[in-house]
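Visitor: I grabbed these lines from Swiss-Prot:
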BINDING   Ala24, Glu45, Leu53, Val89, Trp338, Gly345, Gly346, Ile347  FAD binding site
BINDING   Asn157, Gly158, Asn159, Val160, Arg197, Ser198, Gly345  NADP(+) binding site
Amino acid sequence: MSKLQHHSIGEVEPSIAIVGSGPAGCYTAQTLHKQWPSAQIVIFERLPVPYGLLRYGVSPDHQGTKAIARQFDRLFAEASVHFIGNVEVGKHISVEELQDAFDVVVLAAGLGADRPLPSLAGDAVYGAGQVMRWFNSHPDEQSFAPGFGATTTIIGNGNVAMDVVRLLAKHRDSFTGSDLDPQLIEKQPSRIHVVGRSPASAAKFDSMMIRELAEIDDAVFDVDVVDEPGHEDKRIHAKTKALLDLTAARAVPSPRVHVSFHFGWTPESLEPTGDGRTLRLVNTESRLAVKLIETDSVITAVGFGSGLRHEIDRVRFESAASDLDNGLLDTGLYCSGWFRRGPTGGIPANRLDAKMVCTRIIEDVASGAITPKKRGLEELATHLHPDTVDFTGWQRIDAVEASRTEHGRCRTKLPDIATMLDFARNRTHERTTDDTYRKQITDTVGHKEKR
C-alpha cells in the first residue's frame, strides 16, 4: 500500500466522523488531520471524557504511558478537530446517521469485554478488564464491588495479568504520583497465585513487568518451574532471567504478601469448599498431573472480545466491498484498532493500524471512490441531545480532577457521569434547553474553524 499522500492545494477535503476517542481513534484523527489540515474531524465518545484505554485501561501507576494523552490534547486544540462526548453511537445516534452527515466514518470503539473461561464461574470470579476499569474509577464500574479475600488467583500471564498482580501486591503507600483512588486498595490480599497454561519461556508478559514486581520490597515471590536463561531469543532470555532474579532468595523479615507463579497449568474447575474455593489445575502438557489451590477469588486475564452492552457489532456493517485487511467496511465506512483486527497489540500497534487505515481512506478520496460533499456536524446537530460535552467541557473536568491531589495522587477522577456533566457544563441546577444547546454546538464549531 502506498505511503500517505501530501495534501494538494485546492483539493476538496472530506468531512470525517470517528467513533471512539481512545488511541485508535485519536491516532486516526491525527493522521487524517496531517493529510487534510482543514477537514472537519469530529470524534464521538460514549463517555463525557476522552482517551478510552489511556484513561481507563492503562494501569493507574503507569502515568508515563497515560501522558500520551497530552499529544491528543494538542490535536483537539486544532481548529478543525472536535470532541463530542457523552454520545453513544448506536443509542443516541446511529452509524447510518453519521454516514448521512459525513463523507468518511471510522469505527474505532475498541473491544472491552473480558473473554470468559467456561470452566470457571461464580460470584468470586472477576475479569481482569473489569478489575482494571475499577482500579481506574471508570463510571461503568461504580457498582462493582469485588471481594478478593485473603487469597486470590490470577489466571493468565500477559501484561494485563501482571498489572493486576502489581496493583494488588504493592504497598498502599507506594502509589504516590498515580491516579489510583486510595479507597480501592484498603483491603489487599496477602496471598496471590498466578497461573499460566504455557511454560515461562512462552509467557506473554514483558520482562519489564517482572522487574517492576521486583521493586516491591516487602513481598516474596516463588515459581514452580522456570527455563534456564540462555535462549538465543533475547526477549525469552530476558523474560526467564527476570523471573529468576525475582524469585532469588532475598531477605524479607516480615513479608506482607506472598506471590507464587505456576507455569504450565490449565484451570479445570472451581468448587466451593467451606469458606473459600478450590481451584483444580491440570498439567497442560501431560493432562495427568493435578494441582489444587485454595483461594477466595479468581481473576481471569485471558484476553478480550465483544459483548459489552454498548458495543457496536462490526459484523453488521460488513459488506461485499469489505476489505478488513486495510479497514474498509463499505464505501466511506472504515474501522481501526481492536475494532478492526481484534484484541491484539497495544498502543504502538494501534498507531500503526491507524496509519494503515488512513492510507486506504486517502486513496479512496484520491481515486474518487469518495466524493467530499457532506456538511458533517452542521447536518447532525439537530440529532444530538443537550448533554453532549465538547473539548472545553473536558478541560473543565480535567482541571477539577488535577486539582484534587490528596494522598499524593496526580489526580482524583470524577467517578460518575452526572458529576462530570455538572463540571463540564459549569452548572449547578440549571439545564440548557435542547434548541439552545444545539445552536451552541454549531456556533462553537463555526467559531473554532474560523480562527
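Just so you know, glycine gets a Cβ as well, placed from its N, Cα and C.
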Visitor: Out of the binding-site residues Asn157, Val160, Arg197, give me the one sitting nearest to Trp338 (FAD binding site) by CA distance.
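Guide: Looking at Cα distances from Trp338 (FAD binding site), the smallest one goes to Val160.
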Visitor: Arg197 (NADP(+) binding site) has how many other Cβ neighbours within 10 Å of its own Cβ?
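Guide: Neighbour count, Cβ to Cβ under the 10 Å cut-off: 21.
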Visitor: Near Asn159 (NADP(+) binding site) in space, meaning Cα within 10 angstroms, which of the binding-site residues do we find among Ala24, Glu45, Leu53, Val89, Gly345, Ile347?
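Guide: Of Ala24, Glu45, Leu53, Val89, Gly345, Ile347, within range: none.
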Visitor: Look up Val89 (FAD binding site) in the DSSP assignment and report helix, strand or coil.
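Guide: In three-state terms, Val89 (FAD binding site) counts as strand.
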Visitor: Run through the Cβ atoms and count how many others sit within 10 Å of the one on Asn159 (NADP(+) binding site).
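Guide: Its Cβ has 16 other Cβ atoms within 10 Å.
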Visitor: Filter the binding-site residues Asn157, Gly158, Val160, Arg197, Ser198 down to the ones within 10 angstroms of Ile347 (FAD binding site), Cα to Cα, kept in sequence order.
Guide: none
Visitor: Of Asn157, Gly158, Val160, Arg197, Ser198, which is closest to Val89 (FAD binding site) if I measure between C-alpha atoms? They're all binding-site residues.
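Guide: Going through Asn157, Gly158, Val160, Arg197, Ser198 one by one, the Cα closest to that of Val89 (FAD binding site) is Val160.
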Visitor: Could you state the whole-number distance in Å separating the C-alpha atoms of Gly158 (NADP(+) binding site) and Gly345 (FAD binding site)?
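Guide: Per the Cα atoms, Gly158 (NADP(+) binding site) and Gly345 (FAD binding site) stand 11 Å apart.
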Visitor: Considering Cα atoms only, can you say which of Asn157, Val160, Arg197, Ser198 is the nearest neighbour of Glu45 (FAD binding site) among these binding-site residues?
Guide: Val160
Visitor: To the nearest whole angstrom, what is the C-alpha distance linking Leu53 (FAD binding site) and Ser198 (NADP(+) binding site)?
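Guide: If we compare the Cα positions of Leu53 (FAD binding site) and Ser198 (NADP(+) binding site), the gap is 27 Å.
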Visitor: Asn157 (NADP(+) binding site) has how many other Cβ neighbours within 10 Å of its own Cβ?
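Guide: I get 26 for this one.
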Visitor: Highest Cβ count within 10 Å among the binding-site residues Ala24, Leu53, Val89, Ile347: which residue is it?
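Guide: Per the Cβ count, the most surrounded site is Ala24.
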Visitor: In which DSSP state, out of helix, strand and coil, do we find Val160 (NADP(+) binding site)?
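Guide: Once the DSSP labels are grouped into three classes, Val160 (NADP(+) binding site) ends up as helix.
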Visitor: Do any residues at least six apart in sequence from Val160 (NADP(+) binding site), in the same chain, have a Cβ closer than 8 Å to its Cβ, and if so which, in order?
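Guide: Long-range Cβ contacts: Ala128, Gly129, Met132, Ala301.
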